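This report refers to the structure that appears directly beneath it.
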């Protein structure tokens, strides 16, 4: 080998040796860079993952808390609706709050009324008149009035009357002697009236509209004698059953046909959607 070739070979080796120390640090640097970057990325990823997990947990806790509060509120409402009232509360609710119920209308009881000048006569015959009662009870003292109660619709007696005395001693004697007496084939019962005042004419059994063909009025009021019922033809039993309510049934039916209820229209729309058309061959 010549001197020139040896020099070239040595020059290459020196270059390669000079490059190698400078090259290795670059690789080390790159390796160190890659190594330093990768842990930071892993830590960031783990932090983001932990944050997302904590957020999801907090959200789930919020939702579960909302559901729990809603379920508790619903259960509380159901409990409040299905509350069993005590007997005392029911008794309070059963009492009416009308002004007439707060005060006692009558003194005494029906079984044992207090003595007064007004006597009630019960169990009378339909043919007993006020004149007959006046003849019977005037034996015990002066009377201020007699009132036989009549039915306003039929004009017939309802089987009882009220006799008014001027003095309470006379009414006591009349009750003791006339109670159980037979009058016009009927055994009558005499007792003190509870109200202790003059009786207004009772409406009778029929509470509907008056007859179109006239008819008489009811009994008398106050302390005076009562008035009898009047004539007029009887109405058909169709109206006595309460079908005459101030408007025609057919008008009401026509109104219902023109404006059906929303429930009825909803039901018809459902039935139409479910109905199937017949097959055509």
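Quick reminder: no glycine exception, Cβ is built from N, Cα and C everywhere.
233 is the residue among 33, 78, 103, 233 that Swiss-Prot describes as omega-N-methylarginine. Range 196-223 is the one annotated as region 'Linker', of 168-195, 196-223 (source: Swiss-Prot).
Looking only at the domain 'RRM' (117-195), the predicted model's pLDDT averages out at 94.
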